[in-house]
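Quick one: this structure, given as structure tokens, is what I'll be asking you about.
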Amino acid sequence: MAASMARLWWPFLARQGLRSRGRCVCSQNPRRSFATEKRVRNLLYEHAREGYSELPYLDMESVCACPEKAARSLELRKGELRPADLPAIISTWQELRQLREQIRSLEAEKEAVAEAVRALLANQDSDQVQKDPQYQGLRARGREIRKQLTPLYPQETQLEEQLYQQALRLPNQTHPDTPVGDESQARVVRVVGEKPAFSFQPRGHLEIGEKLDIIRQKRLSHVSGHRSYYLRGAGALLQHGLVNFTLSKLVSRGFTPMTVPDLLRGAVFEGCGMTPNANPSQIYNIDPSRFEDLNLAGTAEVGLAGYFMDHSVAFRDLPVRMVCASTCYRAETDTGKEPWGLYRVHHFTKVEMFGVTGPGLEQSSQLLDEFLSLQVEILTELGLHFRVLDMPTQELGLPAYRKFDIEAWMPGRGRYGEVTSASNCTDFQSRRLYIMFETETGELQFAHTVNATACAVPRVLIALLESNQQKDGSVLVPAALQPYLGTDRITAPTHVPLQYIGPNQPQKPRLPGQSATR
């Protein structure tokens, strides 16, 4: 499989001037144990070195052509790498390029020597050719070349690993109109609707949900841990309604519905610009003693990107639009933020849009605008008040060239809360994962990728419950969701359907087999 993949990509790589040695090491070295590996690993690089994919295509030519621009991007994003790290990366790349040129020259000479030897053998008998001074000189030169090449290959591997360990942490380029700074510098580009007015003090979504018996978050630490929740009755129907409403709208607009794996290899995460082996990380890792290098996805974006990994899209199908509803898993390591409620939870349902376009900013920017318009349309039909933000440099992460967030008003919280995000990743992800398209002339080129939240269910639920609450405790259902709930209002049950009978309560009910005095 590795050999066939190398044959597939080699014409493209050769045209781009990138050389991959194509050595599959999976049969030469045993797999290293995740349990014993202590150094910081680059799973995407290892994935390629083991022969599963080609080495990520680093656009180091652009970095070296304008190092000041690359350093400026590092400074503005305030990420893991700083401008002071850039010279070492450039130096390593230049050293590796020179070494590979030396190897190429020696290998070409070795092939020429071998060809000359074959010609002599074809024209003379074996006994006679052994005495030929030209033959002896060629054999001596061949041995000398092999001796020169022997130490160069491990040097190449060492430099290559050193380069990828650092260069894969370089961020994407940044849109010139992106605000500079942290999230406080986000630019409001649009406001939709008005804040709902109440004749009473609005309640938070958790209080509303508990009184309506549609959300349960209490007494779950021994069941599913902190930051977990149940949705019941109308709460569950709201979730299903939001998913079906969103999917129906997007499928009618030409999106292809997808389901994706929840468990994915670390290389796919890193190809998307995420770091599953960081410490701390928001990504859940499966026990490596049983399943090496599997992680729970925090967004369907990873699975959708993995679907296109090492594949080319037909030119006539561009732009490709995909939509997927999935369960997302996030560690939410900063437990000091939003410890209760549905705003920050370990698992939730989300509908995600993902697009693949041809090259050039014009096409991917148009698709980003389209995704953003769909987000606005969905939230408007749900009757929410929200604002669209152009996110600043420190909020872009590694992959985003430009990013827009939408924050919905949440009256119970008394502030806006993020409900969607949309990012143009240009060719950042496709260069790492080899997401490509085939032109009408049969040429392979890197595609652009765009991703956007269509509906993050728990946060939209917060906005809906808090914005549509009534004085009597009921909640009005938006017209767009009424067909899925079969009602226009959610009301409290007439009795208590489930009563806690466990320990740690003042008046514990008597269980079977217990005496009244116990």
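Glycine is treated like the rest: Cβ placed from N, Cα and C.
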Report which of Lys110, Lys350, Lys403 appears in Swiss-Prot with the annotation N6-acetyllysine.
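Candidates were Lys110, Lys350, Lys403; Swiss-Prot attaches N6-acetyllysine to Lys110.
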Per Swiss-Prot, which one of Val313, Val345, Val356 shares the ATP site with Arg330, Ala331, Glu332, Glu418, Val419, Thr420, Ser421?
Val345
Write down the one residue from Thr174, Thr178, Thr453 that Swiss-Prot lists together with Thr299, Ala300, Glu301, Glu352 as binding L-serine.
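Looking at Thr174, Thr178, Thr453, the one Swiss-Prot places in the L-serine site next to Thr299, Ala300, Glu301, Glu352 is Thr453.
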Select from 123-144, 497-518 the stretch of residues annotated by Swiss-Prot as region 'Disordered'.
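That would be 497-518, per the region 'Disordered' entry in Swiss-Prot.
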Which candidate in Lys337, Lys471 appears in Swiss-Prot with the annotation N6-succinyllysine?
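Swiss-Prot records N6-succinyllysine at Lys337.
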Within 8 Å of the Cβ centroid of the L-serine site residues Thr299, Ala300, Glu301, Glu352, Thr453, which other residues of the same chain have their Cβ?
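Residues close to the L-serine site, other than Thr299, Ala300, Glu301, Glu352, Thr453: Val302, Leu304, Cys324, Ser326, Cys328, Lys350, Val351, Met353, Phe354, Asn451, Ala452.
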Would you list, in sequence order, the recorded positions among Lys110, Lys195, Thr299, Ala300, Glu301, Thr453 whose CA lies within 10 Å of the CA of Val419 (ATP binding site)?
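Those close enough are Thr453.
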Which ones, of the recorded positions Lys110, Thr299, Ala300, Lys337, Glu352, Thr453, have a Cα no more than 10 Å from the Cα of Arg330 (ATP binding site)?
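Passing the 10 Å Cα cut: Thr299.
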Which of Thr299, Thr420 has the fewest nearby Cβ atoms, counting only those within 10 Å, among these binding-site residues?
Thr299
In angstrom units, rounded to an integer, how far apart are the Cα atoms of Ser421 (ATP binding site) and Glu352 (L-serine binding site)?
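That separation, Cα to Cα, works out to 10 Å.
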Check the Cα-Cα distances from Lys195 (N6-succinyllysine) to the binding-site residues Glu301, Ala331, Glu332 and tell me which is shortest.
Glu332
